[in-house]
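Over in TrEMBL, the protein carries these features:
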TRANSMEM  A:12-30  transmembrane segment
TRANSMEM  A:37-57  transmembrane segment
TRANSMEM  A:114-134  transmembrane segment
TRANSMEM  A:141-160  transmembrane segment
TRANSMEM  A:190-210  transmembrane segment
TRANSMEM  A:230-249  transmembrane segment
TRANSMEM  A:255-272  transmembrane segment
TRANSMEM  A:279-301  transmembrane segment
TRANSMEM  A:313-337  transmembrane segment
Amino acid sequence: MTQTWSRARIWALIGYAVAAAAMFAAPLYLSDFRLNLLAKFLAFAIVALGLDLIWGYTGILSLGHGVFFGLGGYAMAMHLKLQASGGRMPDFMDWSGLTALPAFWKPFESLGFAFLAGLLIPGVLALILGYVTFRNRIRGVYFTILTQALVIIATTLLIGQQAYTGGTNGITGYSKIAGQSISSPDTKQMLYWVTAIFLVVAFVLCRFLVKSRFGKVLRAIRDGENRVRFIGYNPALYQMTAFAISGVLAGLAGMLFVLHVGIISPSMLGIVPSIEMVLWVAIGGRGTLIGAVLGAVLMNGAKSEISAQYPDAWTFIMGALFIVVVVFLPGGVTGLVERLKFRKRSVSEHEQEAVRHPAV
Amino acid sequence: MSKKPSVILQCEDISVSFDGYKAIQGMNLTLERGELRFLIGPNGAGKTTMLDVICGKTRSTSGSVIYNSSDGPVDVTKKKEHQIAGLGIGRKFQAPSIFPTLTVFENLEIAMRQRRSVFATLFARLTAEDRERVEQQLVMIGLQDKAPWRAGGLSHGEKQWLEIGIMLMQEPSVLLLDEPVAGMTDKETDKTGELLKEIAKLRTIVVVEHDMEFVRNFASKVTVMHEGKLLKEGAMDEIQSDDRVAEVYLGKRRNADASRSTA
């Protein structure tokens, strides 16, 4: 028994090693165009990890991660825009009639500040939202609706405050990052590796979290929040922590996304992208980290392939996939693999029941 | 060593109303340290609500619950659920509430008496001592062979034992058990009875129970509740020979049994 388990573990380690090698070697076998796409998908995988932590493991569905992603994205975009403007005011401010750079923009001239802001602002916002909701035991569907409201507030503010945020167009037109041209193939390759490294770091961090006793308490909260209370834990603190970490990861992903895509605008953090992020996790398999990563990469890969050939088909395919997953594969793709493994070991009905009905 | 008061829990004049419906009206309950107490009464007598008040699940409208913790007396009606649990009052619910996607071992591991902060659990290591404590508990509840199972795959009886185990891992001073043998087979009921006798040697236990046969197995004090009030308190013989009890409780037993079989 222990021998077969350790063999499974060895195979898993080999799998991870091969996947990591393939990821880091991608510049050798992918064209610049495809490498750039993959870099974007890897950034998405980081959001998916964060979402999985709060949804897959803790049972709290957030349809507002676009906001955290967007805040990270805007922080980086502000820095890049200032770099491109060469000490002058960004062009869109001029058009909106501003005469001087707003004070809150100034610190973003420093890459270090922008990077920290891109992590901390989403993290603190998540912490505050978590504090007011979880402490008052707002959960389930009500929490999910609140996160949607957050998205609407954020996009409305970003569009409305055009002079400070670039409005509907967002912030674009970058030239340099850390003194290098942002569009040169060399820089792009370097940024790809940076993203890959951050994905590995995020994955290792999440793995540490979910394997720790903290992670077991998170899963216990998903299974029965009240019971957790009666064994002496305060679930609100755990939910807040998980939600804040999840927000930080989304912010990190947003920063990397901007580096690869060269633009951030309100439409990239709206309702639809926020829901799409959840779909990656659902289809890949919530409650397993590798499922979240695969879901993000494969779904986005499929999206760009299919949209290229049949521009209108993707939305329908995504909707259909979602229905198939909800009805037939509640554990997503990784859940399917698990189920096949369990079938071999003939596990009781109850177990499958637990997979089928994780708390929303 | 300081002298511990012999009374561990004193509920005074507890009243609870739900939207005007008075579930409990001026109930008093005093528990001695190390006592095993049964709380019986017809459906709707307020037994479960009484346990809910003690563990903080339900807020009482008036009255106090003084708990003589190791740090002195505390009125737990002013505390939050997780604080009450931390003070040493454990609760087992009627429907087995365990963590189905955690393994049996993990269920006990997180319940273990330990620091409950986020930071502490992030860096907690399972020491050899911890492992031993969990394993001893597994033996006590008879689930040592099922440690790596997901708890959701256990039978009903096993889930009940696991929940008792979860509660014991917290090393509470007072245990509140709501119908621990409901829905169990005769064999499982007997095993649970043995388990309770074992636990009662060390701790104060309050058991809400419908099964009179089960209560008769224990020579201990019984409190009868009726319509949110204390009706009678004493040994089982006294209770059974009491006319008022016979009237309100035994007369309605048929109903109680019927509801239990559907539960």
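For all residues, glycine too, the Cβ spot is worked out from N, Cα and C.
Since we're looking at a predicted model, the values are computed, not measured.
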Segment-segment contact (the transmembrane segment (A:279-301); the transmembrane segment (A:12-30)) at 3 or more Cβ pairs under 8 Å: no
For the transmembrane segment (A:255-272): best-contacting stretch of A:114-134, A:141-160, A:230-249, by Cβ pairs under 8 Å: A:141-160
Contact between the transmembrane segment (A:141-160) and the transmembrane segment (A:190-210) (3 or more Cβ pairs under 8 Å, separation 6+): no
Recorded stretch, among A:114-134, A:190-210, A:313-337, maximising Cβ pairs under 8 Å relative to the transmembrane segment (A:37-57): A:190-210
For the transmembrane segment (A:12-30), distant same-chain residues with Cβ under 8 A (at least six beyond the ends): 38, 42, 189, 192-193, 196, 199-200
Sequence-remote partners of the transmembrane segment (A:230-249) [C-beta within less than 8 Å, at least six residues beyond its ends]: 46-47, 49-51, 53-54, 57-58, 60, 62, 65, 68, 119-120, 122-127, 129-131, 134-135, 137, 202, 206, 209, 214, 217-218, 220-221
